[in-house]
Amino acid sequence: MLSILEGLLIFIAVSESILGVLGNGFIGLVNCIDCVKNKKFSMVGFILTGLATSRICLILIIITDGFIKIFSPDMYSSGNLIDYISYLWVIINQSSIWFATSLSIFYFLKIANFSHHIFLWLKGRINSVLPLLMGSLFISWLFTFPQIVKIINDNRMKSRNTTWQLNMQKSEFFTKQILLNLGVILLFTLCLITCFLLIISLWRHNRHMQLNVTGLRDPSTEAHVKAMKILVSFIILFILYFIGIAIEISCFILPENKLLFIFGMMTTAIYPWGHSFILILGNSKLKQASLKTLQQLKCCEARRLLTAAQIHVGGNGCSRRII
């Protein structure tokens with residue numbers, strides 16, 4: 001039986017998931033419509049659509065896995081369900097981080113201004129950088145799958161042997177988790193480096209503008225600030241996501257604590273929905289599409305209320321004539 005606090009945290013996690021599916025679904029839909037209209041798929045459109053799709057799948061896996069562990073944990077001890085969910089989680093989680101990192105690199109190469117020859121070489125070959133990053137994603141998968149297989153086998157041994165958890169040291173457990181998430185850590189490190197370089201580029205640009213004594217913000221400064229907001233928000237939300245995963249993982253070696261696990265699930269769900277709305281507000285095309293959608297919804301609601309009022313007035317008029 002769930003306590004009131006546990007029920008409240010589950011309600012928050014489900015609400016976050018619904019918002020995440022709606023927000024990411026909107027991003028994917030807008031980019032697909034734009035692709036059909038222009039009959040071509042831009043690089044940023046591909047990254048945003050892939051990011052939105054992977055995050056919808058990630059949200060579904062987080063909630064499905066959490067509900068199974070909370071309400072029917074016996075499903076994991078029998079059958080291969082845990083295998084399928086674990087493999088899907090590895091693929092989708094790393095794909096989501098890869099798309100987010102690719103987006104940060106895309107913003108960096110498009111907006112930042114450096115004279116270093118490596119940066120200029122990458123900037124001129126921005127469409128070739130994505131396939132290289134995709135190769136790193138496949139390598140990460142190849143490295144991660146043996147680790148996830150070993151962890152699944154260890155969990156099965158744990159279910160058969162009650163002394164297994166006592167014999168396994170915590171340091172060994174966390175070492176396995178670090179190896180499992182090594183690809184994600186490397187991608188996140190790359191995103192941090194990108195953000196740091198973009199801050200340096202913004203600082204240099206602002207210093208140059210001050211020397212020229214221009215009081216107004218130019219488009220380059222606006223682009224720098226907008227990209228910085230998106231990158232910093234991604235870093236903050238991803239840290240929360242990583243904390244949530246760490247809390248869920250710790251529930252495997254700590255005494256059973258359902259409240260702690262639900263809190264971890266709620267914290268993990270913040271990242272995929274929160275960053276999607278920040279992307280909508282930070283991208284001019286998505287922001288305009290969202291404002292247009294809200295305006296259409298308001299018009300539909302006003303039209304519905306007007307129709308209902310007219311029907312009500314017409315009904316009262318008929319009643320008077322009858323009387």
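Using the three backbone atoms N, Cα and C, a Cβ is placed for every residue, glycine included.
TrEMBL: automatically predicted annotations, no manual curation.
Listed in TrEMBL:
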TRANSMEM  6-29  transmembrane segment
TRANSMEM  41-64  transmembrane segment
TRANSMEM  84-109  transmembrane segment
TRANSMEM  129-149  transmembrane segment
TRANSMEM  178-203  transmembrane segment
TRANSMEM  230-255  transmembrane segment
TRANSMEM  261-282  transmembrane segment
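Residues 43-44, 47-48, 50-51, 54-55, 57-58, 61, 64-65, 68, 119, 122-123, 126, 129-130, 133-134, 136-137, 140-141, 144-145, 148, 151-152, 180, 183-184, 187-188, 190-191, 194-195, 197-198, 227, 230-231, 234, 238, 272, 275 of the same chain sit 6 or more residues outside the transmembrane segment (84-109) yet have a Cβ under 8 Å from a Cβ within it. Within its own chain, the transmembrane segment (129-149) has Cβ neighbours under 8 Å at 43, 47, 86-87, 90-91, 94-95, 98, 101-102, 105, 109, 122, 176, 179-180, 182-184, 186-187, counting only residues six or more beyond its boundaries. Beyond its flanks by at least six residues, the transmembrane segment (230-255) meets 66, 97, 100, 104, 107, 155, 165, 170, 173, 177, 181, 188, 191-192, 194-195, 198, 261, 263-272, 274-275, 278-279, 282 of its own chain at Cβ-Cβ distances under 8 Å.
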